[in-house]
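First the structure, in the form of structure tokens, and then the observations on it.
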Amino acid sequence: MSFSVDVLANIAIELQRGIGHQDRFQRLITTLRQVLECDASALLRYDSRQFIPLAIDGLAKGVLGRRFALEGHPRLEAIARAGDVVRFPADSELPDPYDGLIPGQESLKVHACVGLPLFAGQNLIGALTLDGMQPDQFDVFSDEELRLIAALAAGALSNALLIEQLESQNMMPGDATPFEAVKQTQMIGLSPGMTQLKKEIEIVAASDLNVLISGETGTGKELVAKAIHEASPRAVNPLVYLNCAALPESVAESELFGHVKGAFTGAISNRSGKFEMADNGTLFLDEIGELSLALQAKLLRVLQYGDIQRVGDDRSLRVDVRVLAATNRDLREEVLAGRFRADLFHRLSVFPLSVPPLRERGDDVILLAGYFCEQCRLRLGLSRVVLSAGARNLLQHYRFPGNVRELEHAIHRAVVLARATRNGDEVILEAQHFAFPEVTLPPPEAAAVPVVKQNLREATEAFQRETIRQALAQNHHNWAACARMLETDVANLHRLAKRLGMKD
């Protein structure tokens, strides 16, 4: 098989039809998967020795949340080092990063893999990966044909990165090339709430306005502050962090504004405060609602006039600091209750941002779970860490009162438990590995069954086995709970399982 002019033209047209970059990238890899008749395709962006998925087709949704560090993925490292098409033999000893991440093929290894590095000039900007379950999946395509595809993809990605750079207000070093921008914090999520938050961050980052970031505990307010700072003209200067909730009243003023030698017992030398450290940069005040009213008044003066006084010093110091503040409280209610100054609230909330709780972010929980699974895989030296269908279903229906932080800890704990009960370096997280309170789950969806040559009885039994297996996984292998979920008698369920060969 070879590409016709019509096929290449169709790929080029699809790259122009999308409204935004994300839509175009998705059209590209979906079209490639159809043209190449492969099982999975992915477009990855290269940034700081890691590949970041931009669009996928045929892969588990959680792949979009993963960050593939080169040191943990030898195949991707080989692609990054190559200047041309990379074909991995079916018997390659290098593990495939997508093993266990192709839906319906979780237990099988990827057999055919092609990597296409994408360049803008001499700079590596990304890669296309193509995967198939058949060893000879890509043998019919020549390297020259694959290079044409890589050229089309590289052009689309290069244009997107240039436009992204022009739209941002980052001040790049004078010698920097267009693809050597300051590394920015990755905010994982495609839900409407997160998409809106990212747009608002882009808008406010270019200004010098103070920002009040509100959200429940564990939603990632500090990450939002980092993203604002890194996308601002102050990115080359420091971002200084201060947790107001952890400040004892006796040292809070010194921490903020500094002190001079002899100002109080223990002040054996002059010391700069957080405002001085953040001069020409950004100061992030976490849990600002915990500050005393006295300190709120002094903070207000700094925001109004731009000068500070060290404790024990009569002189004023000028500082140029942008303040980002975060709180998990409703500061409007705190103002009404007399616990927070109204004038300070208005000074801080010139551009308020609200971080949505995880329970309102839909499928973002699966993307974030994929990110944390990849983190655990690297830290523990495992070959792969993936979620079972039952585990994914559980995560999507748990409300996560502790938000993203709770999800992170839950994934780490589950990996440790799963690793302890499984031999080898491959970990599959099941529902029973998560210690969540009672979660009401909907009946499991029927797994997609490929059309195969089998009679109705065989197909029915296969469906019954899969349904029972998923229900057991979701109920920690408790047969009584499984029977209740499936709305059947437990004795009948045991008999059916025996007939299906699932029990002795």
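Using the three backbone atoms N, Cα and C, a Cβ is placed for every residue, glycine included.
Pulled from Swiss-Prot, these are the features on record:
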DNA_BIND  479-498  DNA-binding region
BINDING   215-222, 278-287  ATP binding site
DOMAIN    187-416  domain 'Sigma-54 factor interaction'
MOD_RES   D57  4-aspartylphosphate
Exercise. What does DSSP assign L285 (ATP binding site), in three states?
Worked result: strand
Seminar exercise, completed: What DSSP gives for the residue listed as '4-aspartylphosphate', in three states, is strand
Exercise. When the DNA-binding region (479-498) is classified with DSSP, how many of its residues are helical, how many are strand and how many are coil?
Worked result: 16 helix, 0 strand, 4 coil
Exercise. Once the DSSP letters are reduced so that anything not helix or strand counts as coil, what is K221 (ATP binding site)?
Worked result: helix
For this session: Tell me the Cβ contacts of D57 (4-aspartylphosphate) under 8 Å, same chain only and six or more apart in sequence, or just say none.
Result: Q26, I29, T30, L32, R33, A40, S41, A42
